[in-house]
Amino acid sequence: MTQQDYGFGNECSSEDPRCPGSLPEGQNNPQVCPYGLYAEQLSGSAFTCPRPANKRSWLYRILPSVKHKPFTQIPCGDLTENWDDVEPDPNQVNQQNSSATILSRFSGLHTICGAGDSKSRNGISIHVFTCNSSMVDRCFNNSDGDFLIVPQQGELLITTEFGKMMVEPNEICVIQQGMRFSVDVFGETRGYLLEVYGAHFELPDLGPIGANGLANPRDFLCPVACYEERTVPTGYTVINKYQGKLFSCRQDFSPFNVVAWHGNYTPYKYNLKNFMVINCVAFDHADPSIFTVLTAKSTRPGVAIADFVIFPPRWGVADHTFRPPYYHRNCMSEFMGLIKGHYEAKEEGFQPGGASLHSVMTPHGPDVDCFEKNTSAELKPERVAEGTMAFMFESSFSMAVTKWGLETCQKLDKSYYQCWEPLRSHFNPNWKPSKQ
């Protein structure tokens, strides 16, 4: 199993080495494909999108994906798009990590929060997954949007129509809308999942940073074609997420029967250690947008449906500055997760596998220990977040927390607000500036 170093969003091609010459030459849809394959196009954008935004791939497969029994609706478990299940709650939300449970027909997928609507193709959902069982003779297909998967514990071997990807903690992968995939795990596994409707992830514009920096396009990997010619007499199950509900159908063959493919609409993975960090080298605190890995843009310039932002190990060198994240009220929603280590603004109250949500205009910031420590610290160059990887899903949507996120999971930290309660006034009306 290998991944190809194709770069982000490029035109790619791959054929299984067992079938050399399986990619048609000079055209997409010949009268008869090499090896007797079927040609099938997977469109990730409207046909008439401008060329830079036009996404599609051609798959050359043993049998087409249309060969299946009818879909029937199945239970959704804790997967939901019902944002009115509980009353709105603007309070800061902190959820402790969840232990692994058996994954059965995606019952290990739990929706924490979200907003918008998959039917109108405009919105976002945030889920967590916990599992210790692989998907056997079944795959998942999201007709609603793109999945950005952030494993926190355990490796994921993800089989797609395009090939296989091994995704480990501190890596991410994106499975774009309509791509079928199956997941094998090797013990207790958990992580986070960001779902966006109506847009695909892009690299952020760099502006005055210039041509290089942040996540470099060349570090994104996509799979190599690797087909399965396998019949399943007992039936292979395809699970389809459609308009927020789950449906399943049966077929008698593996859907991962693609011998060759070409195009620019593929699954891909990225190792977060490759992120080239930009940071302040003089004074003050740059906004966290400088840590954006991927963005799903809205129709408003500069405003995202969702940004994926990380807080990686880096140097802190700012003079005359409170270096941790500042106190903040934001017109965006901020969902935080922790892959490993200790988050710099809350070293004790935020554990790997946990999550927090600071909703639109809800105040948040460093806890009292962080504030007291860093207002008196000697400001010398230091490594920040060593051994840590925290991340943020930031969205312009005002997200609602689900009943599972607030009640059913029984992981809600109801004392979260108390980390700010000991903050005391340092106001001194007789303060005078020191003489230089």
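Cβ coordinates come from backbone N, Cα and C, glycine included.
According to TrEMBL, the protein carries these features:
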REGION    1-25  region 'Disordered'
DOMAIN    6-272  domain 'Homogentisate 1,2-dioxygenase N-terminal'
DOMAIN    273-427  domain 'Homogentisate 1,2-dioxygenase C-terminal'
ACT_SITE  HIS285  active site, proton acceptor
BINDING   HIS328, GLU334, HIS364  Fe cation binding site
BINDING   TYR343, HIS364  homogentisate binding site
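Taking all protein chains in view, 19 other C-beta atoms sit within 10 angstroms of the C-beta of HIS364 (Fe cation binding site).
Residues in the region 'Disordered' (1-25) partition by DSSP class (helix H, G, I; strand E, B; coil) as 0 helix, 6 strand, 19 coil.
Counting every protein chain shown, the Cβ of HIS328 (Fe cation binding site) has 15 other Cβ atoms within 10 Å.
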